[in-house]
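All remarks here apply to the structure that follows.
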Protein chains: 2
Amino acid sequence: MKQLFYNGVIVTGENQVVIPDGFMVVEDGVIEVVGTQDQLDQFSSIPNKVNLKGNWLIPGLINTHGHIGSTLLRGYGDDLPLATWLETKMWPMEAKFTDETINAAASLAILEMLKSGTTTFLEMYHLHLDLIANLVDTSGIRSCLTRGMIGLCSKTEQESKLAEALQLSRDLRKIGQGRITTMLAPHAPYTCPPEFLEMIVHEAKKQHLPIHTHLSETAKEVSEHFTKYGKRPVEHLAEIGVFDVHTLIAHGVHLTDEELDILEKYQVAVSHNPMSNLKLGSGIAPVGKMLKKQILVSIGTDSAASNNNLDMFQEMRMAALIHKGSSEDPTVVSANEAFLMATYNGAKALGFDSLGLVEVGYAADFVIVNAEKPHLQPNSHVLSHLVYSASGADVVEVYVNGKCLVRDGQCLTMDEEQIIFYANKAFKKLYS
Amino acid sequence: MKQLFYNGVIVTGENQVVIPDGFMVVEDGVIEVVGTQDQLDQFSSIPNKVNLKGNWLIPGLINTHGHIGSTLLRGYGDDLPLATWLETKMWPMEAKFTDETINAAASLAILEMLKSGTTTFLEMYHLHLDLIANLVDTSGIRSCLTRGMIGLCSKTEQESKLAEALQLSRDLRKIGQGRITTMLAPHAPYTCPPEFLEMIVHEAKKQHLPIHTHLSETAKEVSEHFTKYGKRPVEHLAEIGVFDVHTLIAHGVHLTDEELDILEKYQVAVSHNPMSNLKLGSGIAPVGKMLKKQILVSIGTDSAASNNNLDMFQEMRMAALIHKGSSEDPTVVSANEAFLMATYNGAKALGFDSLGLVEVGYAADFVIVNAEKPHLQPNSHVLSHLVYSASGADVVEVYVNGKCLVRDGQCLTMDEEQIIFYANKAFKKLYS
């Protein structure tokens, strides 16, 4: 089915191109034409027309790191030292998680993400990924699902976790009509001994699977790593061969210039999680330096337990602001760079082809932003407003693969009232 | 007229008190009763009832530093070095401002602030404060208006500016039925020579007017100040006697421990503007240290030209996050501290009595937040969600002095469509 979207401002996502009087034709989930209003006549016979009414059509936002299975822990522990937070708040609750918890949490998160303009998300989780995949399937969102593996266990258990991850990788990719991809996800260097990482790299190469891992989130973990191995984590992973596979690291807060050189050399992609890094007191990642080195930086929210929302507009804004302030240089991370991080760079980081731009041949994953909000006026500076002033609440419509998932701010594929009811019910059960 | 607000969650603003099943009675613009549902029977005869439907009733947010006259420059220059931004973007445009510009800009800003839950704002501006006062009057918002004075001119001109500020102070306070207060506002130590500051302090004491000024926003201004005067700005102002008057400083980014001691000694209030300080690359204010010293810290957005929105929820969130990250300590600036900064501390910083709390005897300036949003679930952690997850878009109703100004997200006292139309029209005229 061909669809024509006309009378809108189109932000293609590349090189700050903003078409003030744009239109777009979509067929079979793919963008077929992007043009200006004066070329519109030749497409007037398309029966399915959507009048954008001057609103802004942008690529869907791509969240490259999170744990949506933990969404019910949003706000359950704030302002605590990291160890206290993990030991007294997160872990005791996570130990009680059931399939009901995960289902309620993941439904809530996908609903929140879709409504706020996220069309693709990466999930690292260790439980019930099959449930999450089913929700991806029915909600219509796109996802990269990774089974987080902690290797602080016997070799047999390590092998069993890896086998499970590989089997899941095969099974999950069959769900969601091609909208689900997978990666192998060793949790972190401090939870995965070298031998386990080697096993994972071996399988990743064999199965052509990328790798996703937490890396150098806190100063403490890096210092402990150095004490244990006599080298810093990036050097360690490079030596083990992790970076011989396409790798996406989450956080990357505590990195030396030498480590940045290694990431650049191996073209390792980064998921920058500024809100979570701030909230947990982890620090501020050297994103200005990463960009200078042409390291691929994308953006992730991390879990709602440490963010505490999944609004990629707010995350993008933070990514654009924080490095200016911390380096006292207002030219660091431009609006365009932040926008690319949240869209095209995210697609590349996750290994998706033809995703993250509003360009001919790209997947029709896009978002329509209400241009009539007071905080988006004067409406001449579209890219600036998208990065520095907009929020997920400005999203009116969301499409994935050309299918409308959110219309007039309401999710068409999920029952919001029911999801909120079950989220609270499941949390109360955990809490009691 | 008595009004009863029942069946809500009431966040009083003091000591993290959240009443899960609360009600409130308002009469003549003042909060008369705050209680729990079990005491409700005795108030059932009040005819004007508002069912809060489980939503969250919180004190109105108080924005303690801004320049709403410049709102039309939102997004007009980003990611530029400060001098370039000022010299090529801000100043040439500001030179073209007319009463039409200011009217359009201030209308847009007040609309944005009201819709996002701000009930009181401080304005420092040098032009057409009478127009802004009239908009405060008709919109129903509360405001502290200050005529920003730059003293880089002859003594005669300095005297004339001060006389104008004093006359405005008298005139503006007559507008807005008691909702407008004033301060004297020397722009900054680097734009106001000592003799001019002395003149201002003299009049401030005589007229019992507080003082508002920019202070130590950038490293450059502080270093130049030291070169010129042989002392740092805070010491300089203390010696001139500025702090003998109740003073609210904006920014306070570059302060030594000795300067913080002086601010503490004189009980100087601070308007913390984290977003603007980040965006302009000014740096990160030592708010953790300020709080340890019991310095009164409030929150301001600064102008939309350097923020780029006026959403106090997002500003409060930033104030809670940034200091955790920059100090790598997640216990710095708790949710409750950030919430107080954006409410009660703001009222105290502006010198308002009985404002900023939902408590008996306080002004009925309050906001109702929609508790049914996905990103505010599970809904048990109200204060956490208000600070770490909510945004201005979650506001459904806003009251000032007991009068409803926003209902169902729509401003009752301002014509949104018209304001947006004139904002764009006025900007196009400036730009051409």
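For all residues, glycine too, the Cβ spot is worked out from N, Cα and C.
What TrEMBL says about this protein:
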| type | residues | note |
| --- | --- | --- |
| BINDING | B:H65, B:H67, B:H214, B:D302 | Zn(2+) binding site |
| BINDING | B:E94, B:R147, B:H187, B:E217, B:D302 | substrate binding site |
| DOMAIN | B:57-403 | domain 'Amidohydrolase-related' |
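On the backbone, the CA of B:H214 (Zn(2+) binding site) and the CA of B:H187 (substrate binding site) stand 6 Å apart. A Cα-Cα distance of 19 Å separates B:E94 (substrate binding site) from B:H65 (Zn(2+) binding site).
B:H187 (substrate binding site) has none of the binding-site residues B:H65, B:H67, B:D302 nearby, counting only those with a Cα within 10 angstroms of its own Cα. With the fewest other Cβ atoms inside 10 Å of its Cβ, the least crowded of the binding-site residues B:H65, B:H67, B:R147, B:H187, B:H214 in this structure is B:H187. Secondary structure from DSSP puts B:H67 (Zn(2+) binding site) in coil.
Most Cβ neighbours within 10 Å, among the binding-site residues B:E94, B:E217, B:D302: B:D302 holds that distinction in the structure as shown. Comparing B:R147 (substrate binding site) with B:H65 (Zn(2+) binding site), their Cα atoms are 13 Å apart once rounded. The DSSP secondary structure for B:H187 (substrate binding site) is coil.
Each residue in the domain 'Amidohydrolase-related' (B:57-403) has a pLDDT score, and their mean in this model is 97. Distance from the CA of B:E217 (substrate binding site) to the CA of B:H65 (Zn(2+) binding site) is 13 Å. The two recorded residues, B:E217 (substrate binding site) and B:H67 (Zn(2+) binding site), have Cα atoms 15 Å apart.
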